[in-house]
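S.K.: Have a look at this one before I ask anything.
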Amino acid sequence: DETRNAVGDANDIRNHIPGVKERTLVAVKPDGVQRRLVGQIIKRFEQRGFRLVGLKMVQVSEELLDQHYVSLHKKPFYPSLLRYMTSGPVVAMVWEGHNVVKSTRMLVGDTNSAEAMPGTLRGDFSIHVSRNVVHASDSTEVAQKEISLWFQCSELIDWECCDHGNIYHP
C-alpha cells in the first residue's frame with residue numbers, strides 16, 4: 001500500500017509540474033558509437049536526473065534520414081551527411097524530464113565543435129563540426145516528430161525512478 005501511494009504521489013507530481021513529462025530524442029552518431037562514448041553520454045543524462053524511456057542501436061536507412069533531415073535536403077553538405085550517418089550504427093534514445101529539451105541542448109553544446117564549451121558533450125568529445133558525436137532535438141515540437149520517426153510507441157517504457165519524488169518535489 002505504501003509503495004502504491006509513493007508511485008501515485010510521483011505520478012501526481014509528473015502530471016502537474018509543467019515540463020516534467022517532456023521528452024527529447026538524443027542520437028549518438030556513428031563517430032560516438034565507434035569511439036565507445038555511449039556509456040559516458042548516458043551517464044551525463046542520468047546524472048542530470050533524466051529518465052531513459054527508450055533506447056536502441058540501429059543501422060539508419062537513408063529513408064529515415066531523408067525524413068529526419070528534411071530541412072537540410074538542399075544544403076551542399078547533405079550527401080556527405082547521409083554517408084556519415086549511414087557509415088555505422090547509431091544509438092537512439094528518448095529521455096524524459098523537466099525541461100529536458102532545453103537542458104539537453106545545453107548539455108550537448110554548440111554544433112560546431114570549435115565553439116562548444118568544455119563540459120558539454122561536443123566540447124569534450126567532438127573532433128570536427130561534421131563529426132559532432134550526438135544529435136539532440138532543438139524544440140519540444142521537433143522532439144515529438146523525431147521521437148515518432150525513430151520509435152514505435154511500444155518501444156517507449158513509462159517507468160518510475162525510485163528518487164523521482166525527490167527530484168521533482170513541488
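Backbone N, Cα and C define each Cβ position, glycine as well.
Bear in mind that TrEMBL entries carry predicted annotations, made automatically and left uncurated.
For 21-158, the entry in TrEMBL reads domain 'Nucleoside diphosphate kinase-like'. Positions annotated as ATP binding site by TrEMBL: K29, F77, R105, T111, R122, N132. Residues annotated as active site, pros-phosphohistidine intermediate in TrEMBL: H135.
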S.K.: So what's the average pLDDT for the domain 'Nucleoside diphosphate kinase-like' (21-158)?
M.R.: 96
S.K.: Around T111 (ATP binding site), how many other CB atoms lie within 10 A of its CB?
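M.R.: Result for T111 (ATP binding site): 14 neighbouring Cβ atoms inside 10 Å.
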S.K.: Where the record says K29, F77, R105, T111, R122, N132 bind ATP, what is the longest distance in Å from one Cα to another among those residues?
M.R.: 22
S.K.: Which ones, of the binding-site residues K29, F77, T111, have a Cα no more than 10 Å from the Cα of H135 (active site, pros-phosphohistidine intermediate)?
M.R.: K29, T111
S.K.: Tell me the coarse DSSP state (helix, strand, coil) of H135 (active site, pros-phosphohistidine intermediate).
M.R.: strand
S.K.: Quick one: give me the count of other CB atoms within 10 A of the CB of F77 (ATP binding site).
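M.R.: Neighbour count, Cβ to Cβ under the 10 Å cut-off: 11.
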S.K.: Might you list, by sequence position, any residue in that chain lying six or more from N132 (ATP binding site) with a Cβ less than 8 Å away from its Cβ?
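M.R.: The list for N132 (ATP binding site) reads K29, D31, T111, N112, S113, A116, R122, S126, given in order along the sequence.
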S.K.: Restricting to the chain of R105 (ATP binding site) and a gap of 6 or more, list residues whose Cβ falls under 8 Å of its Cβ, or answer none.
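M.R.: Looking at Cβ-Cβ distances below 8 Å from R105 (ATP binding site), excluding near sequence neighbours, one finds A136, D138.
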S.K.: Taking the Cβ of H135 (active site, pros-phosphohistidine intermediate) as the centre, how many other Cβ atoms fall within a 10 Å radius?
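M.R.: Taking every protein chain into account, the count is 20.
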S.K.: Quick check: in three-state DSSP terms, what is K29 (ATP binding site)?
M.R.: coil
